[in-house]
Amino acid sequence: TAWRVLQLGGSELDAVERGCGQCEIDQCDGSVGYGGSPDESGETTLDAMIMDGNTMEVGAVADLRHVKNAIGVARKVIEYTKHTLLVGESASLFAVRMGFPYEDLTTQKSLSVYSKWLNQSCQPNYWKNVVPDSSKSCGPYKRPEKVTYKEEQTISQRSVHNHDTIGMVVIGGSGTVASGTSTNGAVHKIPGRVGDSPIAGAGSYADSTAGGAAATGDGDVMMRFLPSYQAVEYMRMGTDPTVACQKVISRIQKYAPKFFGAVICANTTGSYGAACNKIPGFTQFHFMVSSPLLSQPTEQVVDCI
């Protein structure tokens with residue numbers, strides 16, 4: 001969809017918005033758009049961002065409720081406000097003023113995911129150091145009278161496929177770069193949680209003087225390292241896109257060796273690459289590429305490092 005927009009003369013931003021928007025409609029992987037990844041209260045909320053590498057403008061929404069087209073709302077933040085990021089119910093009110101329909105994001109599927117989770121004592125979840133014991137029971141949790149910290153595994157019992165993102169980098173014919181992301185975040189997240197996806201430099205980054213990057217995986221860990229910004233800076237220094245992606249992943253590995261994550265990178269000449277962190281059950285990363293050199297969108301695979 002994104003490639004077709006470019007071929008029909010649309011802008012790079014149009015391509016990112018329409019491409020990510022198609023994934024929202026298709027509920028890609030259950031991890032993008034409505035009806036997926038219910039939070040602890042059973043609600044699906046959305047995060048998205050879009051970035052213009054010419055002007056360095058960013059539009060983003062986080063914890064967006066009741067509006068399905070998150071990337072479309074993010075674009076309107078650029079077009080109609082002087083802000084960068086709008087969150088929560090207020091972002092939904094903005095979206096409605098911009099003409100987006102107010103809808104229920106819950107589906108039978110997300111309700112069944114939620115009830116199954118409740119039936120298995122709310123496992124897995126994202127709490128630690130609380131009472132009652134969050135590894136055995138549902139809340140409401142509170143902090144204990146006396147605190148004894150125990151170190152949690154980054155990946156705990158979570159499956160590596162339980163949350164993901166559509167991340168996209170678009171390089172126009174003249175080298176103009178745009179990027180974007182859209183996701184419904186981590187499944188069973190604590191309400192109000194925002195991951196890396198809508199944060200500029202974390203979820204994605206675009207700079208028409210260097211290139212663009214986008215990240216996917218465990219946003220709570222990855223956002224601390226601004227991997228997309230860092231990858232673009234490596235490419236600015238002349239680093240090959242694949243190597244730029246690898247360097248970013250290995251920086252995070254030092255602190256969180258078991259994190260689930262991957263980064264895609266493309267420079268202004270159209271060279272591209274990707275890298276991922278190797279953990280059990282996740283040894284390769286698949287991503288899609290469209291370019292004038294390819295007759296159709298093509299799946300690429302890299303081995304994780």
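Just so it is clear, glycine is given a Cβ too, placed from its N, Cα and C backbone atoms.
Those TrEMBL annotations? Automatic predictions, nothing curated.
These come from TrEMBL:
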- T165: active site, nucleophile (ACT_SITE)
- R193, V194, G195, D196, T216, G217, D218, G219: substrate binding site (BINDING)
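Fewest other C-beta atoms within 10 angstroms, among the binding-site residues D196, D218, are seen around D218.
All protein chains included, G217 (substrate binding site) registers 26 other Cβ atoms within 10 Å of its own Cβ. The number of other Cβ atoms within 10 Å of the Cβ belonging to T216 (substrate binding site), over all protein chains shown, comes to 27. Of all Cβ atoms in the protein chains displayed, 25 besides its own lie within 10 Å of the Cβ of G195 (substrate binding site). Within the set R193, V194, G195, D196, T216, G217, D218, G219 that the record links to substrate, no two Cα atoms are more than 16 Å apart, and one pair reaches that distance. Comparing D196 (substrate binding site) with the residue listed as 'active site, nucleophile', their Cα atoms are 10 Å apart once rounded. Of all the recorded positions listed here (T165, R193, V194, G219), it is R193 whose C-beta has the fewest other C-beta atoms within 10 angstroms.
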